[in-house]
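Shown next, in structure tokens, is the structure this report addresses.
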Amino acid sequence: MSPYALSILLSSLSMGTMLTFISNHWFLAWMGLEINTLAIIPLMTKLHHPRAIEAATKYFLIQASASALILFSSTINAWFTGEWTIINIQTNFSTIILTIALLMKLGIAPFHLWMPDVLQGLDLLTCLILSTWQKLAPMTLLIMTHHLLNSDMLTTMALLSTLIGGWGGLNQTQLRKIMAYSSIAHMGWMILILSFLPHLMMMNLFIYLLMTLCMFMMLMHFNSLNINKLTMSWIKNPTLTSMMMITLMSLGGLPPTSGFIPKWLILQEITKQNLMILASLMALSALLSLFFYLRLSYAVSLTSSPNMSNSKLYWRFKNYIPNPLPLTIIMSNMLLPITPLVINLFL
């Protein structure tokens with residue numbers, strides 16, 4: 001792709017998200033979401049492969065449907081109230097339609113089926129954008145309207161997302177699909193706490209973005225798309241492979257990594273709300289996700305690829321680590337000792 005076209009598309013992607021950030025009017029927020037969607041479609045089709053075209057088509061149809069539902073919800077609300085402001089939704093029908101639309105955009109169960117198929121057809125850089133930056137605009141709208149949304153509906157979909165995200169990733173060998181189900185499970189944790197502590201959801205989103213950025217950068221460095229290719233990573237770069245194992249544990253939420261912070265605080269808050277059964281189910285669903293992270297760690301560290309390189313010194317000649325990666329590794333794995341500071345940043 002031409003550098004000029006790429007710069008225009010990335011600028012449009014940023015502008016669409018920023019437009020949604022600063023909007024107080026439903027039409028302006030809808031416009032930002034549409035710019036965001038239209039800007040990423042050319043990035044998804046740059047491979048000129050049938051799988052990429054299929055992924056872009058699926059993504060466009062889902063996002064267009066969700067945007068149409070958002071416009072329909074805001075129009076119905078404006079019909080009854082005479083206002084287009086985002087924080088003024090007074091009809092239950094509009095609230096339900098808006099919740100469904102935003103959850104469709106985020107890929108939360110039961111509207112998650114497009115997510116693994118779309119990510120499987122894309123390159124790793126576009127998968128990274130889709131798993132991180134594209135989540136920000138819908139999450140912003142959810143945070144702005146959290147006090148108006150149906151908490152029972154959000155809780156049910158959050159539990160369903162964590163279960164499906166953990167269950168769906170168990171039998172996968174493709175790393176992009178595993179990261180897609182990982183995203184679905186993490187979104188479930190965020191939606192769960194949205195009705196109780198929105199600032200805790202923002203902290204969870206921040207840590208999720210760090211961990212996902214770190215993981216995708218490692219996969220891009222090793223050029224690994226499936227578990228078999230990942231087994232070659234140890235002879236390429238032992239240090240980075242060790243850090244990948246720790247990042248996988250962080251994604252699974254094991255202490256003392258950064259991924260433990262949001263799960264610990266969310267379970268604590270759910271327990272304070274006397275939702276003991278829900279807290280138990282969420283903790284059990286986290287074990288499902290942890291299983292395939294441990295499976296990846298086992299493949300990376302304790303197995304050998306069937307097509308091993310003849311040179312045992314391969315890692316000595318290609319031991320380059322991208323500049324942003326050390327910082328993201330530190331932040332995605334070592335924030336637990338400064339948990340009070342992290343919490344205060346989002347209060």
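Yeah, the Cβs are placed from backbone N, Cα and C, and that goes for glycine too.
Bear in mind that TrEMBL entries carry predicted annotations, made automatically and left uncurated.
Keep in mind that what you see is a predicted model, and the values were worked out from it rather than measured.
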Q.
Labelled transmembrane segment by TrEMBL, one stretch among 39-57, 134-152, 153-171. Can you tell me which?
A. 153-171
Q) Taking a Cβ cut-off under 8 Å, which residues six or more beyond the ends of the transmembrane segment (59-80) line up next to it in the same chain? A) 26-27, 29-30, 33-34, 37, 40-41, 44, 88-91, 93-95, 97-98, 100-102, 104-105, 111, 114, 118, 130
Q. Counting only pairs at least 6 apart in sequence, do the transmembrane segment (178-197) and the transmembrane segment (325-346) share 3+ Cβ pairs under 8 Å?
A. no
Q. So which of 86-104, 153-171, 234-255, 275-294, 325-346 has the most C-beta pairs under 8 Å when paired with the transmembrane segment (203-222)?
A. 325-346
Q: For the domain 'NADH dehydrogenase subunit 2 C-terminal' (290-342), would you mind checking the mean pLDDT of the predicted model?
A: 75
